[in-house]
Amino acid sequence: MNLQPITDLLKALNSGNTTTIQQAEQLYADYKNHQPDQLVNSFIVLIRTSQDELLRSYPPVLLRTLVNGNDSGNILKGLKPETLVTLKTELMFAVREEPKNHIRHSILNVIAILAIQLVPEQKWPEILSFIIESSSSPEENLRESSFYLIGAIIDDSRVAETLAPHFDKFALLVEKGLNDPSAKVQVSALETVSTFIDANPEKAEVFKPLIPAMLNTIQKTIESNLEKEAQKGILTFIIIAQYHSDWFKTNFDMIFKVFFQFLEHQSLEDETKHACLHFFLTFAEFKSSIMKKKLYLEPIVLLLLKWMSSVEDMDLKDWNSLDTEPSDDDDSNVAFEAIEALSHCVSKGLWEFFLQCAPTLLNSGNWKERYTGLMTLSSISEGCEKQIKTNFKLIIQSILPLANDSHPRVRFAFFYCLGSFASYLKREMQDLYKTLIPVSLEHLNDPFPRVTISNCEFLTLFLDEIKPNRVKEFKDQFLGRLSPLLQNENYKIVQHSLNAFSSVVDGIGEEFTQHYSEIMPFLIKILRTQTSVETKTLRGRAIETISLVGLAVGKKVFLNDCIQIIQYVSSLEKFKDDDPQVDFFLRAFTRFAQCLGEDFIPYLKYSMSPLMDAINGKVDSSVENGEDFSDESNNSGSIVMENKAMALEMVSIYAMELKHHLFPYVEQLYKGSIELVDFPFSSLVAIQAVNLIPFLVKISKQHFEAVGGLKDGMKAEFTSRLFLDSYERMAASIKTESEPDTLSAKLKALSDLMDIGGQCEQADRILSLTFEVANESFGTLQELETEYQENIDEEDEDADESPEREIIDDAYNSLAMVLGEVCIQFKEKAVPYIATVLPAMIELIETAPSVEIKTSMICILDDLIENGGQKAFELYPHIIKPMMNCTLPNLDPSLIQSAVFGIGLAAENGKDYFTPFLMESLQLINNVIVSVNSVQEQDDDLIAARDNAISAMGRIITNLPQHLGNNFPQTIALWLSYLPIQDDGEAGSIIKSLCTLIRDFSQQIMTQQYIVKVLEIIAVGLHKKAVNPDDKQIISLALRSQESLVAQSLFQLSAENQAILANFFKN
């Protein structure tokens, strides 16, 4: 074989000369397309025989792309059978004989890619024999290569499925590798275990007995000073902790001793120690019942506190110049994040132990320990929120003296800690405003800017959503202390004090008008003059404050300045997509719109252009391709994505404020946002795009009604087309969505679209699509639920529910909104479709692990009963019993509330269809009322459950009186004895039921026995504004007909109720 042409080709590709490389690439393409067999055979010969390292190393790299099944240049199927046989055979020989490690690994990569395509099709049985033989080779490199190959090929799902019956044989092979005399081979064998777990977690169970040998391997590598190899082994343990934490139950004591010893080892690399810590954190997440034991938790927490206390003792001048605390991956910062992670897994045990350590830390003579105490409180403030609340005032009292600490980094940590509390314990913090605001104000003039900035950040968080009267109480002090900071020569102080100042203005509101003329020129000056790269954020804060001041003082005061600011900003050169100012300016313009209302419409063009730019901003290609990229490009890509999400959110606000005036931009906005509903790099971008879509359809509908003169804007061709396209694309997107929070947003958007579209002309198409989505969503949510349940540590009775629980519940609720909206819009036409998913709904009502899911499913039944007509009533035998089973007094009050409400609706709407369930339902409802009334301390949920039960009883009595027979009088007496109710939500239903009885059964109701109770119920209903005009007429006629009885009974009412009725009679 003449190898010269291929040799010349390879040398040309490596020449470094652009022209030569381009010519060589064209020649290479010709070989691929027209002479693939010659190309492959030549590569094989060079790999096997060339003495030139370059000519041996380059062919495997090119072969990898030539045979890659995912590559468009794949030539595998075009090769002659004999070429393929040669390729397979010679590659295996090459691995055995290649002396250079990097070339051998390139050849192994080619074998792996080839095996991934051929093994599932049973076209390379020899490869398994090759792997097994290589694992017993006297050559260390070949033994290591065998395990590398196992890991590489088993990682493919098709190969894993094909080889699953042989996992037990692989386990024996791995066991052999773990006992190999070579540490390199041992670690390679250990690493394959994680690949088997990834490929098939259930079948991987055969590797569980190897845990002691795996741990022994890691120990040996540490003893042999092979830390990089040890780190690979620890990573495998982390993966096992994620997927199979149960594997460690019997061996955890041994694992803990080994890994904790590594943590304490002073001479080990940080990467090794941090990997061990990562293992403990992962294990705590999935097996908190073990990790929370004092034997394990307390030594780790003590070590972490020690690490945190090792914070760098840097020069205060240098520290003061930093934007944030030092964030290197040193022990101190790693410990801070680790304690935060632990607080979410073992909050109770962590808090109890920290309480023992806290006094020593907070009162230490060493500033680093005081700093550690405060920073630890900050890091656990979210995870231990429940525990902190029970000790909150005591905690604040214990740390308050540290506001005056002699060391500035402790004072910094004090305000940093308060800021964390303000984020996660907002109500508790704001209730202490009389204590905390003066402390903050007193220290706003700290000589160290970092402390002042930390204080300002705390104030900003603390004042968020605070009651305005609490801010107004300190208005003069706030303005007096913050105003000088706005003039500070340190732009960072100005920037953060502006943020706090904005929060103060937001709280003061219209009362800030008297200060408007003082502050607005100053803010405008910052906007116009602070144009350097360093002060971009300051400038952003300035326009943010301007917009918040505008909202506070109102359009009349702000209008002229607002218009001038809009015109000035619009004259500026366009910001780059990744400019941090974009966020501030776009949000400010949205507030301008909120302040000016329709007066903003002439300036809408100025804000829509940058919004569209942000929505369409290009994400760095390295992000899109999932490549490694620099911190700079990472930050740039993040800013672009944040701006996309923010711009989409802002357009939604414009839509709410300006409604049909936004119509000229609908088509362009729709085109930009619909492409982002499946945005793969940021769920927030996808969710905001999804949220915007229904608004755009609604704007179009409003436009054709307000401007086009149509009674129903949905009948406009443009709106109809927009609606159907968005519905179809949203439905298609939902079918492939697997993230619960994004799925929830998409389902809610589908519900909103249906609400806007109503009973559109494409009803059959919409119904068909909706139930395709519903069936798919039930399946997806069940998979997510199963995955969630598998990760719960059932042995930990103290475990808090993870955030995933709420996310899944929200997704079910969004699905319920879709199905409920179907019932509301399509009424009887929807019932046959609902019947197809009814078994899934009933199963969830009966077996779902979450009250919220059960309640969501009952809500669908409520909408079905209320809107489905006779076809829905015919389903009563299937749906009433499950609701009745949810009324047992020992169940969650919110579930009972939804169930009794549904039963009342069923009686009211279905009447005769409800008869078979009548007496049992009444008994169950009465049991609910009696049970709640027996509880001495009733919370809002219990009261709502009881009052809904009382309301349901009234619906049953008034709609099925003839079916109660002899029980009718005593049932009325019982119902009246439970009235009036406290829950405002059911007051209207109670009045409606009472008025029905007054109208139809006056002789039984308007009697000496009940008149006082009737008058009391009416007075309460009037006070709650729950009496509609028709009911008022019924009441008026009834009371006039019994004028003397009413007059005799009024004095038995409270003075308040007498006054209410007197006013009613007067009017």
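Backbone N, Cα and C atoms are what each Cβ position is placed from, and that goes for glycine too.
For the repeat 'HEAT 2' (42-75), residue counts in helix, strand and coil come to 22 helix, 0 strand, 12 coil, using DSSP. Residues or ranges marked as repeat 'HEAT 2' by Swiss-Prot on the basis of similarity to another entry: 42-75.
Taken together, the residues of the repeat 'HEAT 5' (164-197) have an average pLDDT of 91. What Swiss-Prot records for 164-197 is repeat 'HEAT 5', and it gives similarity to another entry as the kind of evidence.
Residues or ranges marked as repeat 'HEAT 8' by Swiss-Prot: 295-347.
As a summary of secondary structure, the repeat 'HEAT 9' (349-381) carries 27 helix, 0 strand, 6 coil according to DSSP. If you look up Swiss-Prot, you'll see 349-381 marked as repeat 'HEAT 9'.
Under the heading repeat 'HEAT 10', Swiss-Prot lists 385-425. Cβ atoms under 8 Å from those of the repeat 'HEAT 10' (385-425) belong to residues 311, 316, 319-320, 347-348, 351-352, 355, 358-359, 362, 367, 370-371, 373-375, 377-379, 432, 435-436, 439-440, 442-443, 446-448, 450-451, 454-455, 457-458, 461-462, 464, 800 of the same chain, restricted to positions at least 6 beyond its ends.
Annotated repeat 'HEAT 11' per Swiss-Prot: 427-466, in sequence order. With a cut-off of 8 Å between Cβ atoms, the residues of this chain six or more beyond the repeat 'HEAT 11' (427-466) that come close are 316, 319-320, 322, 389, 392-393, 396, 400, 403, 408, 411-412, 415-416, 418-419, 421, 474, 477-478, 481-482, 484-485, 490, 492-493, 496-497, 499-500, 502-504, 506-507.
The feature repeat 'HEAT 12' is assigned by Swiss-Prot to 468-508, with similarity to another entry given as support.
Swiss-Prot lists 598-658 with the feature repeat 'HEAT 15', giving similarity to another entry as the kind of evidence.
Per Swiss-Prot, repeat 'HEAT 16' is recorded for 661-703. Long-range contacts of the repeat 'HEAT 16' (661-703) within its own chain (CB-CB distance under 8 A, at least 6 residues past either end) are made by residues 598, 601, 604, 608, 612, 615-616, 619, 623-624, 637, 641-642, 644-646, 648-649, 651-652, 654-655, 712-714, 716, 718-719, 722-723, 725-726, 729-730, 733, 736, 739, 741-742, 745-746, 749, 752-753, 756-757.
With a cut-off of 8 Å between Cβ atoms, the residues of this chain six or more beyond the repeat 'HEAT 17' (718-757) that come close are 666, 670, 674, 677-678, 683, 686-687, 690-691, 693-694, 696-698, 700-701, 704, 765-766, 769-770, 772-773, 776-777, 780-781, 784, 804, 807-808, 810-811, 813-815, 817-818, 820-822, 824-825. The annotation repeat 'HEAT 17' is assigned in Swiss-Prot to 718-757.
Sequence-remote contacts of a segment are chain residues at least 6 beyond its ends whose Cβ falls under 8 Å from one of its Cβ atoms, and for the repeat 'HEAT 21' (917-960) they are 876, 880-881, 884, 887-889, 892-894, 896-897, 900-901, 903-908, 911, 967-968, 971-972, 974-975, 978-979, 981-983, 985-986, 989-990, 992-994, 996-997, 1000. Taken from Swiss-Prot, the feature repeat 'HEAT 21' covers 917-960, and the record attributes it to similarity to another entry.
Long-range contacts of the repeat 'HEAT 23' (1008-1040) within the same chain: residues 973, 976-977, 979-980, 984, 987-988, 990-992, 994-995, 998-999, 1002, 1046, 1049-1050, 1052-1053, 1056-1058, 1060-1061, 1064-1065, each at least 6 residues beyond the stretch ends and with a Cβ under 8 Å from a Cβ of the stretch. Annotation source Swiss-Prot lists repeat 'HEAT 23' at 1008-1040.
Same-chain residues lying 6 or more positions outside the repeat 'HEAT 2' (42-75) and placing a CB less than 8 Å from one of its CB atoms are 1, 3, 6-7, 10-11, 13-14, 28, 32, 36, 86-87, 90-91, 93-94, 97-98, 100, 102-103, 106-107, 109-110, 113-114, 116-117. Helix, strand and coil residue tallies for the repeat 'HEAT 16' (661-703), in that order: 35 helix, 0 strand, 8 coil [DSSP]. Secondary structure of the repeat 'HEAT 11' (427-466) per DSSP (helix as H, G, I; strand as E, B; remaining residues coil): 29 helix, 0 strand, 11 coil.
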